[in-house]
Protein chains: 2
Amino acid sequence: MLTPYDDTYFMKKAYEEAEIAFEKGEIPVGVVVVIKNRIIARGHNLTETLNDVTAHAEMQSITAAAGFLGGKYLRNCTMYVTLEPCQMCAGALYWSQLSRLVFGAKDEHRGYQKFGVQLHPKTEVSQGIMEQECSQLLKKFFIEKRNLN
Amino acid sequence: MLTPYDDTYFMKKAYEEAEIAFEKGEIPVGVVVVIKNRIIARGHNLTETLNDVTAHAEMQSITAAAGFLGGKYLRNCTMYVTLEPCQMCAGALYWSQLSRLVFGAKDEHRGYQKFGVQLHPKTEVSQGIMEQECSQLLKKFFIEKRNLN
């Protein structure tokens, strides 16, 4: 059976969250958390709005998804995030025991893979979904920001 | 001039937070954040109470200290924490640009140092303050927990 629910479908939803962040003047990163093709949490970066370095899209979405599930572990969940998670968010994902992580653009400078941060052994990783779009949105943000300063 | 405000003084305050966590049935880790000998944030682990893997003492205290300061960076701040931070918390401290981290017990299994997680280059680290007491409280917690199950 054909289904619209593939990785690109959900990454588009995460991308929409990133666009909301962009409109708010936040570094445009968006997330959705999915279980059985159902989105149970959405989030976008709010570090400037909340004056809080911990307010990354992933962190908020982990908390929100756990709240929805009524338990703190994200087993059987997939997180779609437009940018490779940083050390903090990957560390949080480790604790969450997330089943699958799908990210769009790679973060060469601050991504967790550079630092050797460990995800949970049960977490599968896919990368590069909508990589160009996710990356372009970030580039556009930083170019506009530079021109404003 | 003699002053009561040394590392042991503040680690005792963090330890008191860990004791509160212990009483709540939480893994006993406590934190205080200090600027110019003034405690601006306190926190203890609340992962069970809040059903949230991100609710480590350090994460809550970073958010609280930034709220107090009115800015998201913890420059000129020292964090006292009874246990070596994990990957997530160390990653958050990286973003916070904390000036100084002081921790009590080393976490051989889950501590950030094992994984190569990077703190901010400006963050000085001291360790081993009240190491025995901090470590004993954790051991006591896990022994009691084991006996209950």
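Including glycine, each Cβ sits where the backbone N, Cα and C put it.
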For the Zn(2+) site that TrEMBL gives as A:Cys86, A:Cys89, the extra residue out of A:His56, A:His120 is A:His56
Averaged over the domain 'CMP/dCMP-type deaminase' (A:5-119), the pLDDT of the predicted model comes to 97
A:His56 (Zn(2+) binding site) has its Cβ surrounded, within 10 angstroms, by a count of other Cβ atoms equal to 28
Within 10 A of the CB of A:Glu58 (active site, proton donor), the number of other CB atoms across every chain shown is 28
A:Cys86 (Zn(2+) binding site) and A:Glu58 (active site, proton donor), compared by Cα position, are separated in whole Å by 10
Comparing local Cβ density (other Cβ atoms within 10 Å) for the binding-site residues A:Cys86, A:Cys89 points to A:Cys89
